[in-house]
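For ASP67, VAL70, GLY72, ASP74, SER76, GLU88, the entry in TrEMBL reads Ca(2+) 1 binding site. For PRO163, the entry in TrEMBL reads substrate binding site. Summarising the annotation, TrEMBL assigns heme b binding site to HIS193. The annotation disulfide bond is assigned in TrEMBL to CYS35-CYS115, CYS68-CYS73, CYS121-CYS314, CYS200-CYS225. The feature domain 'Plant heme peroxidase family profile' is assigned by TrEMBL to 25-318. As annotated by TrEMBL, signal peptide applies to 1-24.
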Amino acid sequence: MAFHSCAHSFSFSILFCMFAMVTSQLTSVCYQSTCPQALSIIRSSVISAVAKEHRMGASLLRLHFHDCFVNGCDASVLLDDTSSFTGEKSAGANVNSLRGFEVIDDIKTKVEAVCPGVVSCADIVAVAARDSVVALGGPSWNVGLGRRDSTTASKDAATKDIPSPLMDLSALISAFANKGFNTKEMVALAGAHTTGLARCQLFRGRVYNETSIESNFATSLKSNCPSTGGDTNLSPLDVTTSVQFDNAYFKNLINQKGLLHSDQQLFSGGSTDSQVTSYSNDPSAFYADFASAMVKMGNLSPLTGNSGQIRTNCRKVN
């Protein structure tokens, strides 16, 4: 029987994991003895999923963001609705757009097969986000581990806490400040929009009503996003290098080619213009700041100790 637990042996990694559980501090070596195959299983599964569909890298990154911004990084975003709660999947920011659940399910099944009851869904989501960025050519970072999974979820919390693509700069700054991020970190995290796609209904207003958009770019978008209908038609968030994780997103903003209103707000004569300019000229600075901000996001209110549980099925409470 391949059962592993944090009481299996007194190696350094278990001591680290126990320390994490007691102090609420995550550690990158938490599963080194309890489930040494976990990280390689996640990585190979993500590489396979991204190779099969490049967009999946952006989807898994977004899944982590939408998880962490709602009551912390606790895999609550993965829970299906029950008779006792309406989960986050049906919130406006998530419904018909959040993706990657099947990839997480697949990883969880593989991990459970080798070390049942050890690795949380929340940790799988966090590692998958990092591995997705790397698979798309972006930076890596050390993912702290030792999170546990929530036993409930809240559609209302997701509706309230996830920033809207229609927000102005001041609202964006406030939304991220509410989660402990400064403006520089917010701009760095926005750089995740260097990959992935968005639906017409989210940028139609910008394309047809705003002036801070390059005319040829607007014309090309209108061909795929009519003034009525076509709500689910997709366009790349980064028109230059739509798949690759790079700093082209920031160059696009300077050229008034931000797809979403919230994107272009970062370069609109406001306080974040200089940071956008800096990242457009220095990809290594963007990579370093993005990685640091992702570590910070992964540390948002994790469940540790006796809080929560290690779900067997990421979609439902044990």
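A Cβ is built for glycine as well, from the same backbone N, Cα and C atoms used for every other residue.
Keep in mind it's a predicted model, so treat the numbers as computed, not measured.
Overlay of TrEMBL annotations on the structure.
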{"residue": "ASP67", "record": "Ca(2+) 1 binding site", "Cβ contacts under 8 Å, 6 or more apart": "CYS73, ASP74, ALA75, SER76, VAL77, LEU78, ALA122, VAL125"}
{"residue": "GLY72", "record": "Ca(2+) 1 binding site", "Cβ contacts under 8 Å, 6 or more apart": "LEU300, SER301, PRO302, LEU303"}
{"residue": "GLU88", "record": "Ca(2+) 1 binding site", "Cβ contacts under 8 Å, 6 or more apart": "HIS66, VAL70, SER76, VAL77, LEU79, ASN94, ALA153, SER154, LYS155, ALA157, ALA158"}
{"residue": "CYS121", "record": "disulfide bond", "Cβ contacts under 8 Å, 6 or more apart": "ALA75, LEU78, ILE104, LYS108, ASP149, ARG311, CYS314"}
{"residue": "HIS193", "record": "heme b binding site", "Cβ contacts under 8 Å, 6 or more apart": "LEU237, ASP238, TYR249, LEU259, LEU260, ASP263"}
{"residue": "CYS200", "record": "disulfide bond", "Cβ contacts under 8 Å, 6 or more apart": "ASN224, CYS225, PRO226, GLY230, ASP231, THR232, ASN233, LEU234, SER235"}
For the C-alpha pair, I'd like the distance in angstrom between CYS35 (disulfide bond) and CYS68 (disulfide bond), rounded off.
24
Cβ-centroid neighbours of Ca(2+) 1 site ASP67, VAL70, GLY72, ASP74, SER76, GLU88, 8 Å, sequence order:
HIS66, CYS68, PHE69, ASN71, CYS73, ALA75, VAL77, SER150, ALA153, ALA157, ALA158
Counting Cβ neighbours within 10 Å across all chains shown, tell me which of the disulfide-bonded residues CYS35, CYS73, CYS115, CYS225, CYS314 comes out on top.
CYS73
Segment-level pLDDT (mean, integer) for the domain 'Plant heme peroxidase family profile' (25-318):
97
Among all protein chains shown, how many Cβ atoms are found within 10 Å of the Cβ of VAL70 (Ca(2+) 1 binding site), not counting that one?
29
